[in-house]
Every structure is written in structure tokens, then in C-alpha cells.
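Undergrad: Straight from TrEMBL, here's the annotation block:
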type     : residues                                                       : note
TRANSMEM : 33-52                                                          : transmembrane segment
DOMAIN   : 124-454                                                        : domain 'Kinesin motor'
BINDING  : Gly214, Gln215, Thr216, Gly217, Ser218, Gly219, Lys220, Thr221 : ATP binding site
Amino acid sequence: AAVSVEWAENSATKGKEPQIGTLTVLLWRKASTWFGIFFFFFFFFFPPPLLFPARRKSGASLEVEKIQNKREITQAKNAETRTKRNKDGDMNRPNWLFYKMIEEYRENLEIVPISLSDPVELHRICVCVRKRPLNKQEVARKEIDVVSIPGKGILLLHEPKQKVDLTKYLENQVFHFDYSFDETATNELVYRFSAKPLVQTIFEGGMATCFAYGQTGSGKTHTMGGDFSGKNQNSSKGIYSLAAQDLFLLLKQKRYSSMGLEPYVSFFEIYNGKVFDLLNKKAKLRVLEDGKQQVQVVGLQEVYVSGVEDVIKMIDVGSACRTSGQTFANANSSRSHAVLQIILRRGNKLHGKFSLVDLAGNERGPDVSSNDRQTLVETGEINCSLLALKECIRSLGQNSEHIPFRMSKLTQVLRDSFIGENSKTCMIAMISPGMGSCDYTLNTLRYADRYLLHLSIYSLRGAQWVGPGPALRWLWGSSPAWGQTFLSKATYISAKVQVMQYIKRRHSCRHESQANLVYLPLAF
């Protein structure tokens, strides 16, 4: 279709018949140009925010957005964590978060385990700690190893904890001992640094004691008696037999061969407060004091031994007779304190005595597999005797006039080893590394740490008052002469830490100078 268009030009009338489509295109181009110019200047002077101001979000809306963003971030992290756990094969591991936290912490540790080439330091009181590997039951439950031993005298316990808001975290507690042995340590290595230096003591007319302490199933009998293969024990690989080997080596030396020393062995157990001879068909014995206030086990059979083979034979005979029971931690748990004594006699007189003690495991009532009367009595008696040992140590630390050795048969038997003029003691604290045993492990470490502090400060024979200035600097400063004589470096550090903790706890002071005159109790 066409449209007729006419117009006047120079007094003449002109016309044209353009197509409607062509005319529409021309008009649209013209209009769009003018509209474009108009809107350009309009929006230049009046931007959209000024025309349509945005509504301000309320505080509630902002909080909702924050929560949504946080949730999205958490979901993304959880998805990444699940992917990583699936990749590492740890999807079914309980407490996986604690496991990763401990592994990350260990990556920053410089681990230098103790070795046979390290020098042996001589101490009057030596405290060691030994960590056993995870057993089959713990591996099956995929338990976490919460104990790290970076060096020969340091132990770290990674205690898992949880805040009120369910946030999980680790409390890394540091303990200092004379020697720390990890799960790779052998009985020979433990013996070299713990009991071996004590063998020389009995040749010099002294009394020596080495005892293993720890919870049920922590490896005390394995350390003292030897390796287990099922229910069979190889007695030649334990501290008992290793001490006997060194005994006979020293007897052959010229220095002692002319002294006329004769070795004897006795082996007895303390069960439910009663003493039984393991080398004489478990005959019941009495523990009495003679006129010189020396403890005597009346009727105890002492067997003469001519070599290591005789000692191992006596160990096998006694271990077979020892009282045992079943607990949740150990199917064949020792329920008595076993004491193997290696005795040197010169004629009819006692020259020296080495007591090797395998203590029964400290445990709680619910940890035993049976709740019958006999089992509960056993557990109560074990814990009472260990408490008596602790009280004797506490009294020694306080330099008390009365030391309650008569509280139990165990402390009566060990009396001369604690207060003898020429006596040396070694404690081997056995710990389990599993997360399920964390409370027991912590109690054992605290027990051993206090044992080290109490007996070492008792060796100072005085100095109970501590002042804010010189006396604390006496502990904090350079090691004095008594530190070189009686205390090891680990004891020195432990004493300093515990003194400062005590002052902070009792006086709520942040600095040493803020404390008034303080009495230092050695049993805190």
C-alpha cells in the first residue's frame, strides 16, 4: 500500500507516493534518536538510586544473612572434610577430629627418642615412664594415641576436651621425668637406664628398689618379667633376669670376687594384705620388726643361685603360682604385688638387697569384669596398699617425724629401701596410650611426678620455708650444689613448675614478687 504526500515548494505543488513500510521505518528512526537523547540526559542528571532509593535492611535481616552465609561456609567445609576423610580412609574412625588435631600437633615436634648410645645419669631417686603400643583391642576400636614422647625426659599428654558450645579442643599437658620411653623401646633399653645402675648399689652394701606402677594392662609384668607369647612368658627378656645377668658379671670381677659374696633369691607376693612365698608352695608368711626396727619376712625361703639359669627357673616357678584375675583391660591381670629379691650375703650377714617389685594394677571398681565379693575385696586391698605407698611418700616429702609404713604390708616390706642410708630407688610408671585410658594415664603421670618431687626434696633434708625473693630465685636460678648431688634436671624443672602453680593457686598472683611469705607444702 502507498500513501499520497503533497507539499509546496517555490510556488509549486509537489507530491510523492511512498510505501507505508518505508515511511514507518523513517519515522521510528527519527523518534528513537530523540528518545535516546532525552533519556541520556535525564539519567545523567537523575541517577536511578536518587529516583528510587533502596530500602535499608533491618538488623534481623542482616543477622539472617550472616547465619545463612556461615551455614554455607560450614557446609562447604564439612563436604571438603568428608571428601578428605574418605580419601584418607578414616571415615569410620571415632573422634576423627581429635586424631587430626593430634597429628597436626606432632608435625611440629622434633622427636629424638632415647637410644642405647645416650649416657646413663646416676640418681638416688630415678623416675621413668614407659608408653606401651596400642594393643589389639584398641586397634580394633580404632582408638587414638594421645601420648607423645619427643625426647628422653619429656612426655606430652594430649587430653581431648569439649567446650560448652561443643567445640572440641586439646589440652596438651607436659610432664618431665628422668627418662621417657616410647612404644618402640625394648626391655633391654628400659633396663639400661632404670634398674641397671642399681645393681652396683647392693655390692656396696646398699638397698635398691625398682618397682613398676600403672593401671591394669599397661605392661608392668611384661617389663619386669619378660615378653609374652600368648599366655607364655619369656622370663629371659625381663628386668628380673637382666638384673641377674649383671649380678653374676659383677661377681666375677676381681673387685668383688674376693669378698666372699653369695647370691640368693626370694620371691613372694602380697595378696589381700597377706604375704605368700611363691617358691615354697605359697606358704603364708609373717612380716615383723626385730629389735633394731628392721622389717623381717619370717619364714621366707631364700634359694641359693649359681647362675642366671637358676634365677630364670625361680622366676618361672614363682610367676606360675602368682594370683591373677580377669578385668576388662586384661584377661590375665595380676591381682597381687610380686616382690623378687636378689640378696647378697657375706657369711651369715646381709650385705645388700635388690627388691624388684611388680605392683598390681590400680583400677576402679567398675573396671573389673566381676562384681563378686572376692574381686571387690581384691580391688579395695590393691588400692589401699597403693594409697599407703603414696602416703609414705607424702610423709617423706614433708619430713614428717612419723612415716606410716605400717599402713600396709607393701610399705612395710619396702621400708628399708626408702629410709636406708645407702638406698636407691627407681620407679617405672607404665602408661596406656589409648584415648579411652586417658584418665588413668593422667593419674599415673601425676602420681609419678609427685613421687619424683617428694622424694627428691626429702633428700635435701630441710629448707621448708620459701620466701618471695631469694628462696624462689634459689629454685629458679642456677642449679646449686645440692641440685647436682641429689636432683636430676627433670626433678629441678618439675619442682619449679609445681611451686609456681601452688603460689598462683593459693594467692592468685601473676608474678613471683606479688606473693607474701609462703610455706611450701611438698604434698600439694
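Every residue, even glycine, has its Cβ placed from backbone N, Cα and C.
In TrEMBL, annotation is done automatically, which means it is predicted and not curated.
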Undergrad: Among all protein chains shown, how many Cβ atoms are found within 10 Å of the Cβ of Thr221 (ATP binding site), not counting that one?
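TA: Result for Thr221 (ATP binding site): 26 other Cβ atoms within 10 Å.
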Undergrad: Taking the Cβ of Ser218 (ATP binding site) as the centre, how many other Cβ atoms fall within a 10 Å radius?
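TA: The answer is 27 other Cβ atoms.
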Undergrad: In three-state terms from DSSP, label Gly219 (ATP binding site) for me.
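TA: Once the DSSP labels are grouped into three classes, Gly219 (ATP binding site) ends up as coil.
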Undergrad: Mind looking up the mean pLDDT for the domain 'Kinesin motor' (124-454) in the predicted model?
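TA: Averaging the confidence scores along the domain 'Kinesin motor' (124-454) gives 85.
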Undergrad: Any same-chain residues 6+ apart from Gly219 (ATP binding site) with CB under 8 Å of its CB? Would you list them in sequence order, or say none?
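TA: The list for Gly219 (ATP binding site) reads Arg130, Arg132, Met430, given in order along the sequence.
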Undergrad: Is Gly214 (ATP binding site) helix, strand or coil when read with DSSP?
TA: strand
Undergrad: Using a Cβ-Cβ cut-off under 8 angstroms and a sequence gap of six or more, which residues of the chain neighbour Lys220 (ATP binding site)?
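TA: Sequence-distant Cβ neighbours: Ala212, Tyr213, Gly214, Ser334, Asp358, Leu359, Gly361, Ile428, Met430.
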